[in-house]
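Here is what TrEMBL records for this protein:
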- 10-118: domain 'Acyl-CoA dehydrogenase/oxidase N-terminal' (DOMAIN)
- 122-218: domain 'Acyl-CoA oxidase/dehydrogenase middle' (DOMAIN)
- 232-377: domain 'Acyl-CoA dehydrogenase/oxidase C-terminal' (DOMAIN)
Amino acid sequence: MSAVTPEDFKPILTLVRDFVRAKVVPREREIMDTDAIPDDLREQVAEMGLFGYAIPEEWGGLGLDLTQDVELAMEFGYTALALRSMFGTNNGIAGQVLVNFGTEEQKAEWLERIASGEVVASFALTEPGAGSNPAGLRTKAVRDGDDWVIDGEKCFITNAPIAGLFVVFARTRPADASGTGIAVFLVPADTPGVEVAAKDKKMGQEGAWTANVSFTGVRVPGSSLVGGDEDTGYRAAMTSLARGRVHIAALAVGTAQRALDESVTQATTATQGGTPIGDFQLVQAMLADQQTGVLAGRALVRETAKRYVSGEDRRIGPSAAKLYCTEMAGKVADLAVQIHGGSGYMRELPVERIYRDVRLLRLYEGTSEIQRLIIGGGLVRGARR
């Protein structure tokens, strides 16, 4: 449960909404052109506590639960997704590994610095041959005395170029009857043998940096093994990803809302033959489809978050929310470009950026195909019990 009451959360949500719309939206073109979040915006984000909004209060965070997290995510989605990416891994897939599985010593060493934004944490799971399915990990960790030595290659790692800490998943042995053999380690970015490649050149989400990271003979102490357990990695990854999928679904809803708002503005201001295009029934039909998707997505996200927090559903629901909402956002963005006509294809308009930005939502933290397998497989297994 959240440490923040609904009454206390309201001003936090208002503060974030006002910040996004008044401070970030006007600078979206700057973020896109420079491929960076301006330093002053980063400083404001840190002052607002957004690097640690989902970190427990005892470790310097705001202590929001997932029902509150998704409300913020829908606001973050209203602007350039790079803003949320800057602090998303601290609150989400990387930070939650420590929150849920770290030892007290590990939490004491890292969480306050993560919550303040002093340290950016990166979730180093994806590999060239193991993306949505961590069971295929090739990165290895071998025990050497009291230490572990890590060797492997990770790819598409969010925030890698600015990370101070990598949460690294590695195989310590083949899976057997005792466990998966997948462990997770806390590796400071300045550890010898850690090498971050050049920033990836992506289709969209300018300002959100990803890169490959190689680990060559990286030696870390035994205290770096999260939870002190060699088999924690797989469960930690699945737990963090499930929570993250609800967050990404909410992010998609926020982006879809922005695309809808831009479409309504276009429909009521642009004309063809002297007639506002919003008077045309086919344009109204597109707006109706957009609105329906946004409303359904918002309701699904809120219900899924409640069921996650209660423990009622932490597997099928998150996958269903991510699948529906990210696919919906792609369709809403496509309709937004269509409503804008030729101008929607121009870089000057927000809908062009949105169209590119949302494409990634169906890929990271588990592709749409993986979500379908999780949902379908879960239903079949449940019926057989």
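Along the chain as shown, the residues are counted starting at 1.
Each Cβ is built from the backbone N, Cα and C atoms, and glycine gets one as well.
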DSSP-derived helix, strand and coil totals, residue by residue, for the domain 'Acyl-CoA dehydrogenase/oxidase C-terminal' (232-377): 124 helix, 4 strand, 18 coil
Per-state residue totals over the domain 'Acyl-CoA oxidase/dehydrogenase middle' (122-218) - DSSP helix, strand, coil: 6 helix, 50 strand, 41 coil
Helix, strand and coil totals (DSSP H, G, I; E, B; other) for the domain 'Acyl-CoA dehydrogenase/oxidase N-terminal' (10-118): 82 helix, 0 strand, 27 coil
